[in-house]
Structure formats: C-alpha cells, structure tokens
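Enquirer: Once you've had a glance at the structure underneath, I'll fire off some questions.
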Amino acid sequence: MAEKFDEKKVARAPSLDDEKHAISSDTGIDGDSVIEGTDGVTHNELKTLRLVRDKLPLSSFLVVFVEFAERWSYYGTANLYNNYIRAPLPRFSTTGAVAKADRDFGVAGALGKGQPTSFSLRTFNSFFVYVTPLLGGVIADTMWGRYKTILVFSLVCLAGHVILVGSASPSALQNGNVSLGLLALSILVIGVGAGCIKANVSPMVAEQYTGVMHKKTLDSGEVVIVSPEVTIQSTYLWFYAAINFGSTGAISAAFLARDQGYWIAYLIPTLIFVLVPFVLVLGKRFYVVTPPRGSILLETFRVIGFALRPALSFNIIQSVKLMHKPEFWDPAKPSYYEDGKVPARITWDDEFVGEVHRTVSACGVFLFFPFFWLCYSQIDGNLGTTAAGMTLHGTPNDLIQNLNPISIIVMIPIFDTSYIDKTSPCHGTEFAPSECELDHGTDFARPNPSPLNVWIVSGPYILVGMAEIFASITSLEYAFTKAPSRMKSVVMSFSQLQTAVASAINFALTAVNTEPKFTWLYGSFAVVSWIVGVIFFFTFRELDRKEIELNALGKNQDRHGFAGEAPEDTTVKRRAVDPIHAPVHVSNVNETEKL
C-alpha cells in the first residue's frame, strides 16, 4: 500500500516543512520583504527589533475574572476533601469544626472513612474533572461555541456546589452515608461543569486579542515590534495568576472548616461562584466569539485518514518510516490531485492540513505530561495526610497546601519525608502517624504526633508550584497556538486529559498509598520524573527554534478555507467596541489571522 508515494504523475504538494521554510529568513528570502500576515514588519526587523506585548482588551480580563472565581470555588472546596472524608467528626462537633480547646492539635473532619476511601474519592475527582473537558471541547467546537458552553456549564457547576453544601449540613452529617452519597453526587456534577468550563476558558481568554504583528515607536524613541505571540504569553501569565490567586481561597476555607464547620466552608466558595454567570452575561457584548463548525472534528479525522491510507502496510517498520517523511500529509491536500479529480470528501484547503499536522505534533508533546501531573498529585492529599501526623501548633493541616499557588515567588529547602514516620510515637505499630493518638480508642483521645513541625512540608508545595510555571503555563499557550482556530477547545481538552491519565495511574497505585510507604512513593516519582524530563528535552529540543514558523501556518490571508462556507462564516466577531482598549487594527478579523 505504500507504493503511492513513488507515483510521479502528480507533482508533490508542498509539505509542512516546505511551508515552514517558505517563511524562514534562512532560505534566501529578501530581508526587506514584508512578512505575510503582519502590518508592514520585514524579516530583518523581526530579527533585529525587540518584541513587546500589546495592551490586553477588557474582554480578556473579564474571562480572567471568570477563571479566578471558578478556581476559587473549586480549590476552596476540593482542598478540604481529604480531611472531610478521612477524619471523623471532632468531639462535641456536629459540623466538623474543632472545639476551641482542641484547636492547637485538633483536625477538622466529618465522615471518618479513612485514608483509602479519601484517596479513592479524591483521585476519582481529579480524574473525572480532567476527562470531562473532552465533552466541553467537542460541544464548543461543533455545536454551541465557547461562550455559550461556558455559560451553560457554569450553571451546572453552581448546582453541584449547592449539593456539596447540603452534604455538609449538620442534618446530613448525622447520617454519614447520606452525606457521602451527596458528596459523590456533587463531585460528579461539579466535575461535568468545571471540566466543560476548563476546556473553553483557556482558549477563550487568548482569542480575545485579535491584533497582528506591527511596529511601534516608544516614548523613548525605540522602535519595537508588537508581537501577538508575546501578547498571548502575557495573557496566559495573567490567566495563570488568576488561577493561583483563586486557589488561595482555600486558605480561608481551611480555617472556616476548622472553626465554623464544613457547610460554612463550602458555602463561601459557592457564593463566589454565583458571580461567574453574572459576569458572563453582563460582559457578553464585549467578547470575541469564534463560531463553531459542526464538522470540524470529522474533517480533522478525515485529514488524518487520507494521510494514513497510502502509508499503511503490513510492514509496520515501513509504515512508521513513511509517516515520518515530509510528504506523508500530501494525500490529504487538495493540491495533491489534478484539477477536477479532488475527492468529494476533501472539503478543506492545504493550510488546514498543515494545521492538523501541527496539532498532531503538539499532542505528542502533551503525552509526556502525565508524569508531571503524577508527581503533582502527591501534594493533593497525600502530603496533607502526612502533615496531619505532625505537630500543628494551631495550624490546619490542609492549610499548608495553599503555599503551592503562592510559591511562584517563594522557595524554601526540600523536605525529606522519610523522618516523619520514624519520629512518630506510633512508628512500628498498626497506626499511621496521622491516626496516632494518646489513649487511642477512648472518648477523650488526643493526637500524639511526630515532634516535627508541620511547616516542614511546605518545601514540596513551593517547588511544585515553580514547576507549574514552566510546565503548566507553557502547555496552555502551546495548546492554543498549535490548534486550528475552531479546534482550540478540543486540543486544550486533550492537553488537560493528561491530568486524568495521571490520576488513573495514581489510582492504580492505591495499594502503596499508605503513610508508611510514602517515602518510597515520593522517591520513585521523583526518579521517574527526572528520567522523563531528560527524554522530553532530547525529543523536543528543536521545537523552540521553529516556534514562529509553526505559528505562521494557517494564517495565509489568501487561503481558500472550507468548501461551502462563505467568508463571513469564518469571521470572528467582537460583540461591541471595547470601551477601554479599542481593537488593535480591526473589529472584525478573519479567524486565521489570530493566534
């Protein structure tokens, strides 16, 4: 089946590499020629002038606020799940709050189901909330568009938060099974809502900027290039700052759970989330909206199918070699065929094939991310359980994890977990450090923790937070810039799916997720992460050098687009003129001009 590549009756269509070289300054192009898709920027200017970001439109900040409120509500509740599920109600408590006399050493709790149940439910929550973005991405890209999808599923998510508050009410906590059932239902509903929002809010915040590359003279007299790429990077830095600032909402939640009880701790994030649909509705006229294309996913799979068909054979090695050749994608391009002989199922142009190629390559980068998120998952619960077995001095054990969002600017020494189990008075007994008590089993049992101070565990939270800056923010930007305009939600959801894969792997390790084995668990993940990081570097180290060339694909203003689609169908429209920052050049721009 591979012999079709040898046929010479049709001239070979330009490959992805050809398209990249066509805009490269190293292929003999006149340095004074204007780069296509820019406002008068030449190749020489791009090489010599400094790149700066543009002003961000108001609509971008509105979307950033939506993400802030959504993340506050999510982390303000999810960060409490560990103690809520694992630990029993403190003495004299009907809400999970700790009595004032016990707050120096007491831990808030409610259901008393133990570490294994807590770990299982938390891992399922992490898995489910990163699987559902696929649903949200498909709905947005093929049916509703991103704005409507975010609005509808924000109402779904709000309903889930209301159910969660009900699960923590004193009447529900009187029957642990009722409370557990409501908690499980809320995890499902919030998972659907938050996941479908997550797939769309990331690309929506970046697509609010519709400017093109152009020159600008600063007050100092310096001529600079206003770069969409740099602007998108800045947008995602603000976006991720909103995520982390919203995450700090869990700080107040930890104290509320300990001092007032869980229903109050869950109610505050719910009230904050109420702002999300209001901001979406009130800001509707300012948003840039990308119209959905119902067949975009089908067309993408058809592109891949047309490219694969000639390369497939019973000789697997030969097939793999053909898939790595520059001409592999040619059979999917209309220009590959003679006039009048283009298959009817090819409803796209050559540039869309290049975009699909770029997208497939980007998805290969994302496949390494489960190992990163697997390590990240250890700070979500397991370290909190470790902290529960240490001397608290009045600090809620689930407060420490909030150092993760703050860790962007903070760094402290690495924590060695191996000493916690050894220094616990219960070391070598049937009880885990976090369950170690004086007079165990009596009505007035008190914790008997390791003498190590609970703040020792802050190191991993801070270091993992620093890792997120390099990995997570970059993955958001990469998913947005490497996806076709009307597939950004789906590609973003595929990027986020890797977190679900990590949760599935983590769930398979339930047997070793016990406190005495945490040292080996943390150490093993660290070694695997380092090895995967080295492999990742050598596999993709050339991509940064091709960033501008790759991002230029699909931005040809003369492209034909999709068959049967009028030019206005591919136009991204701004609902109204931004009262703070007018659109950079035009209020209506073709979607292929945007990053």
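Placement of Cβ uses the backbone N, Cα and C atoms for every residue, glycine included.
Okay, these came from TrEMBL:
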- 1-31: region 'Disordered' (REGION)
- 1-23: compositional bias 'Basic and acidic residues' (COMPBIAS)
- 151-172: transmembrane segment (TRANSMEM)
- 178-197: transmembrane segment (TRANSMEM)
- 237-257: transmembrane segment (TRANSMEM)
- 263-283: transmembrane segment (TRANSMEM)
- 454-478: transmembrane segment (TRANSMEM)
- 490-512: transmembrane segment (TRANSMEM)
- 518-540: transmembrane segment (TRANSMEM)
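Where in this structure would I find these features, and how exposed are they?
Expert: Sequence-distant neighbours of the transmembrane segment (151-172) (same chain, 6+ residues past either end, Cβ-Cβ under 8 Å): 66, 70, 73, 77, 84, 94-96, 110, 136, 144, 178-183, 185-194, 196-197, 261-263, 265-267, 269-270, 273-274, 276-277, 280-281.
A Cβ distance under 8 Å defines the sequence-distant neighbours of the transmembrane segment (178-197), meaning residues of its chain 6+ beyond its ends; these are 70, 74, 77, 84-85, 110-111, 113, 121, 124-125, 128-133, 135-136, 139, 149-150, 153-161, 163-164, 166-168, 172.
Residues 59, 62, 65-66, 69-70, 72-74, 76-77, 80, 95, 147, 150-151, 154-155, 157-158, 161-162, 164-165, 168-170, 249, 252-254, 256-257 of the same chain lie 6 or more positions beyond the ends of the transmembrane segment (263-283) yet place their CB under 8 Å from a CB of it.
Cβ atoms under 8 Å from those of the transmembrane segment (490-512) belong to residues 116, 119-120, 123-124, 126-131, 133-134, 136-138, 141, 198-200, 202-203, 297, 359, 362-363, 366-367, 369-374, 376-377, 475-476, 478-480, 482-483, 520-521 of the same chain, restricted to positions at least 6 beyond its ends.
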